[in-house]
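In TrEMBL this protein carries:
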- 23-287: domain 'NADH:quinone oxidoreductase/Mrp antiporter transmembrane' (DOMAIN)
- 290-344: domain 'NADH dehydrogenase subunit 2 C-terminal' (DOMAIN)
- 96-115: transmembrane segment (TRANSMEM)
- 152-171: transmembrane segment (TRANSMEM)
- 178-196: transmembrane segment (TRANSMEM)
- 202-221: transmembrane segment (TRANSMEM)
- 233-251: transmembrane segment (TRANSMEM)
- 271-294: transmembrane segment (TRANSMEM)
- 324-344: transmembrane segment (TRANSMEM)
């Protein structure tokens, strides 16, 4: 794809998300979502192979269905109440349709089946965009409608997502699919706390975006598409390998690292609201996710694959891509825990 076309598509992608996040009229929110979807379809199908075409088709069908449901729910609401205001969604059928549509947009369980397949069929950079930027518009709509959506349904969706996000990643060998299930599990945590305390949800989303971007960047630089690829990442850069290990542990939510902060605050808030069984289920589901993060950590830093003289090492050629963003993203992903009190102000 030529750079001018790629820049136009990325600009359209960003514009679509910003239109949705800043609109108060349902029709404008829908227009933003459609712009966003139509801009990323060519980006997904840049690799001219059947797998990329399949991924683009799956993505288009799910996102178009979800957008149509959002338009349908807002039309029902306008028909019954006479207003297109996003924050005035007072019709019960509209609530149900909107919840299903946003769950499908985000890839929450049980509407999550498209996410691992689409990520696996696209390039690493496209997978990064789908896992991070594409979550902003639906999360903004959830934030605007949080007073109208059912708390019980959101908590149930969140619990199912965190359990199945951990469970689904256990037997995966492809790093993109592992990151897809990781994304589902993290979104489960966010949706669980969304109806109780939106501030924690936004903070969790920001930290998730930073940590996922940093780890995807590491995978892109080391060209690690499978777990087996990570075993030879040390030949490229031992420093990068160490950073990958710490980033994976941070994503797993281990205490001295940034990833522990949102989990700690969410569990604390759930216990304050007397939702102890929910908090316990979430904490146990984290162990499932932690297993596949630890497995990746083990293969990256502690495993030396069986090597022969003919082994294809990743020679240390001069990197074509910039590593400038790795420094701030990795630092924030690892060392933010002591700043928790400042973030809660």
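Cβ atoms here come from the backbone N, Cα and C positions, even for glycine.
Looking at which of 96-115, 152-171, 233-251, 271-294, 324-344 has the most CB pairs under 8 Å to the transmembrane segment (202-221), the answer is the stretch 324-344. Proximity of distant same-chain residues to the transmembrane segment (271-294), defined by a Cβ-Cβ separation under 8 Å and at least 6 residues beyond the stretch ends, is recorded for 155, 158-159, 162-163, 165-167, 169-170, 172, 178, 181-182, 185, 188-189, 192, 196, 248-249, 251-254, 263.
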